[in-house]
């Protein structure tokens, strides 16, 4: 049924009025239009604000194509005096002149960890969310309270504790230690639980009468229906683990496990005294942002739903 | 419930379905807290295993005492980190909430063109990694960086942002000629609390810390905007129309219709901001690691530093638990404060 249609998601993101040209005439402002002068000032303010949010990224991109002296001398200019891709060449190991930055290693680690974590979260969060929403089992209420309590613990408090557990289990400085603790997140379980509760029970009952077991109902009936929620979770997990920093900082030590975030952080904070090489650093930062940026521009509404998952929890 | 046969079948399945989640959250969230609580009572340097004896010594509450009541370097440093973070909270929470609300109101204007593009623009910094945007800010706020170039256009000589440990309160008052920021006088210099003089407590965030507050506001306001926007769009339009018929003006509409409708969301956002602002870490790590003059040191970073840099895991864990307590107490206080004044007691739980 709903599995094959591409109809809108059942849990709507913030509605935005579909504005077509023909609608405008009916869109009467409640309080009448403001005088022209206020509207001009208003637009000026809005454009000013928007440029505050955009300019840093524009300057970043422009600077990544500059030479070191150019970046230091003209930090504001949006056009490199002598455009160069030297920074990018160094990151991809194409230039011989300098010591290279193991950027491809970071990229590989980030991609590897992100794929595993995302897959794990989508599977385990949806299983737990389904059980909490639909299955009756002893201890369910207690488990729910446990999840609430776990979510209340501020992540930063866990820096040292996580290290303790990882080193006790011999998982410190391994991929297992980087990935396994991130495989489940309580917030994701809540997103999925919320969704499964909105699915009509009749659907499952019909399948049950046809003789489907619990796992089959979950896997073949309910999960395909949950596509919008699964996409939200996938995107949030991808973004979360791609941008993750503190966990990798305390779960690893060797350079071979550095990710884009930990590698970049070391490159940037280590080179503080030198102050230079900003084209290189900004190019690395830009490259590490691009996957998330693409994802964001393609799947904005899912990010938006994620941002509002917080308000749903209440 | 009244179908025992079904229930009997579902029980094992339920546990099977939640077992990965329980296992991971139990092992990497619940168990660690218990272990860290034990470690916070030890003097342990990270070598050997502290749970089987080894080289760790049980010191009871000594770690907590050093941080809170015992005169000494530890307490002074911890007090400094608390002061830094308190200023961060004081500025970041109202700034990011206010800006988030303002942005939401802007992109909620029905008459405004290009609203969805604006929404994307404001939200984009929120989805990028703190490490990457910190890198950008390091470049923009260098001594001879873009921000200071801009300021020089209007005749202001900007500070060397990340190297300036002066507190902004004293810088401002100093520029007005009211105090000498270099020479604390009388009362302020002579009295102290937790090893810091009143002068140091009242200094305001340092110039370096202020840039971090700006960065945090910049990256968080977009998220808050979206949360506010969802709430704004849930306000029935009829309500505004009815108010308009009654002849209210914009300000009255905001005061009597919009803001009351936003109350629960405002509470949520304030709580998120408060919880988040006691956990500043990534930024500190990249942008200064406490420098200059410990004015960007936060308790979260000090906890990390104590454990992983100075190999004093007991102290690091103790700081983490004090931080936990601060967050719990402040969130509770905020909840209580906001409930008392509300005309509507309708919040559940």
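Every residue gets a Cβ built from N, Cα and C, even glycine.
Automatic prediction, not curation, is the source of TrEMBL annotations.
Keep in mind it's a predicted model, so treat the numbers as computed, not measured.
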When TrEMBL marks a stretch as transmembrane segment, which of A:81-102, A:103-124 is it?
-> A:103-124
Do any residues of this chain, six or more beyond the ends of the transmembrane segment (A:282-304), have a C-beta under 8 angstroms from a C-beta of it, and if so which?
-> 13-14, 60-61, 63-64, 87-88, 91, 101, 103, 106-107, 110, 228, 231-232, 235-236, 238-239, 242-243, 260-261, 263-264, 267
Non-local residues, at least 6 beyond the ends, that sit with Cβ under 8 Å of the transmembrane segment (A:103-124) | 91-93, 175, 178-179, 182-185, 188, 230, 233-234, 237-238, 240-242, 248, 255-264, 284, 287-288
